[in-house]
Amino acid sequence: MQFFSLKTRIVLGEGSLSYIKSVAKKHSRVLIFSSKSMRVHGFLNETMNYVEDANAEVEAITGVPAEPSYEYVESIMPKVREFQPDLIVALGGGSVIDVAKAVKVFYDAPELKFEEVAFISRFEKPKPIPKLKTPLIAIPSTSGAGSEVSAASVLKKGDIKYNLVSFEIAPEFAILDPRLPRTMPKEVARNSGLDVLVHGIEAYTTTAATPFSDAMAIKAIKLVYKWLPLSVQGDEKARENVHYAATMAGIAFLNARLGLCHSLSHKAAWIAPHGLLNAIFLPYVMEFNMRSEYARKRYAEIARELGFNTAQELIEVIREFNEMLGVPKLSELVSEEEFLSKLDEMSEKAYHDPLINFNPVEPSIEEIKELYKRAFYD
């Protein structure tokens, strides 16, 4: 028996940010989490004006860190509780949305302890998150994470990245206004777009994929393959298409999950941005997965959708795509000494990553170590 679910209502199109006024009319106290860039580009002000037009009180917390942590969430909880919002809005990239999701958990269920509900290993079983009442609107400004529809939040505590996973934290609404991703710098557009491509390919090849998640994954892959090079150059239509592809891929992995490539990049997060690491590791993970007949079949299906024939061709196409977009080698991002000093720790942690459970081939710690080394020395 399989399931396909989507909790989030999606609103899209030029100027769709104004929809927030319709939602805010049903609420009295609206708390907005915003990235600095959304404040600078005027979108925070626009959002606050829509809320005020709906006769709701509004408060904003800006400057959410790029690497969200539980310590940061803990530091802002007194302000959140003092304001007592009945609607939470996340305006920014995946980090902002992840913070808003975590705030929703500990605001609605203050009795919960972080360590009870967050987890780092597939061999742990966290306490389920109870029913939460405060609705969340996600308004992504970058086109990659898929956090606007996903049921997960990734937060650091100390140096360790934890996962919060529950349908309770999936946003009630996602507003996809293509004006927002037009503000992305080229490098952010590239890295986040590459993340979408990996989301699509991994969601299509997990052991939990369904015909419904497949449809979203394939459409996202095709859109990114066609439009990302133009998006990096700032083309407005391309930015819009990649923005929608990010959410489609998010719907795909919400249901089908992800795989080994993400496990590797999560534990190497100290080296470079997440999307860039995913792009670097992807061809090596695909080669590793080729021992599975199921994975070979699925890669070949993706290849045919892009106008090629075989799984092996797809791997070469991915390498060429990376090269065209200027994706560096892993060895250009970190010194050999530093890489080797953390290799054992990264490999051990990646082996425990929950997403390994959905990869078409289960790797050993030694095989994970070899994949890291191949990516570095190739």
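Using the three backbone atoms N, Cα and C, a Cβ is placed for every residue, glycine included.
As annotated by Swiss-Prot, Fe cation binding site applies to ASP195, HIS199, HIS262, HIS274.
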Select the most exposed residue of HIS199, HIS262, HIS274, where exposure means the fewest other Cβ atoms within 10 Å, treating these as the binding-site residues. HIS274
At a 10 Å cut-off from the C-beta of ASP195 (Fe cation binding site), count the other C-beta atoms across all protein chains. 28
If the Fe cation site is taken as the center of the Cβ atoms of ASP195, HIS199, HIS262, HIS274, which further residues of that chain fall within 8 Å of it by their Cβ? GLY144, ALA145, VAL196, VAL198, LEU258, CYS261, SER265, GLY275, ASN278
